[in-house]
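These notes are about the structure you will find just below.
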Amino acid sequence: MTAQLIDGNALSRQLRADVARRAALLKERGTTPGLAVVLVGDNPASQVYVRNKVKACEESGLHSVLEKYDAAMSEAELLARVDALNNDPSIHGILVQLPLPAHIDAQKVIEAISPAKDVDGFHIASAGALMTGMPGFWPCTPYGCMKMLEHIGYDLRGKHAVVIGRSNIVGKPMALMLLAKDATVTVCHSRTADLKAQTLQADVIVAAVGRRNVLTADMVKPGAVVIDVGMNRNDEGRLCGDVDFDGVREVAGHITPVPGGVGPMTITMLLVNTLEAAERAAG
């Protein structure tokens, strides 16, 4: 059995077309959804991510503002910029690209963003809303994973889901989203005693640790759905995920590729969150 691919590029195109349609309707009512992206320093990977986000906005009919600052920018200066963007009615979403320079407290900056504009879903108010099932913005990567499961028509009720990784950005919110859909969820991490014993019981596995080959074919139950959030490089310098793709695809029922799986979905859900922030603001 060879797994069916869950094509993140194709699903992203569908969702972005819907974003563009809804953005056009908002514009007719006098509101153009706006995203501000703030980049501090010259981290090469961050520059690529930021360019992709701005490009995606433009292609979907969203207004975007890119603010670039020198790595020497002070924390107080950055907080002042965030405050100004909070009070700018043309901006509906604020994204401060991480990582920030070491002298800036990233959590303090995230908490300075208005929860109404927290389209990354990292604010403690967003985390609390997710925990309690209240309306709020979901972190984009796990949100994208959920959309992929929805796209293949997968019913999570009563299923056993294993999340490998416990970060605040992916692992923890992923577990909560799966739980909200009535899955039984196990979260594994670096201190998990026997990872294979856990994953072999799983109907759904989400790998999100940032380490190659953390999940191999002998660790996967036949027919399981495997979502690969990892972004690594192999020995030839090519992009790869956390999953041994060639091996696992022969066992799994569905699998996401890297690249072309979760990656494009992350940016797409940022657009969805920004659009929804604008719709809420417009009333």
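Residue 1 is the first one shown; counting continues down the chain.
Backbone N, Cα and C define each Cβ position, glycine as well.
If you look up Swiss-Prot, you'll see G165, R166, S167, S190 marked as NADP(+) binding site, on the strength of sequence analysis. All chains included, 16 other C-beta atoms sit within 10 angstroms of the C-beta of S167 (NADP(+) binding site).
Shown are the binding-site residues G165, S190; of these, the residue with the fewest other Cβ atoms within 10 Å is S190. G165 (NADP(+) binding site) falls outside any helix or strand according to DSSP and counts as coil.
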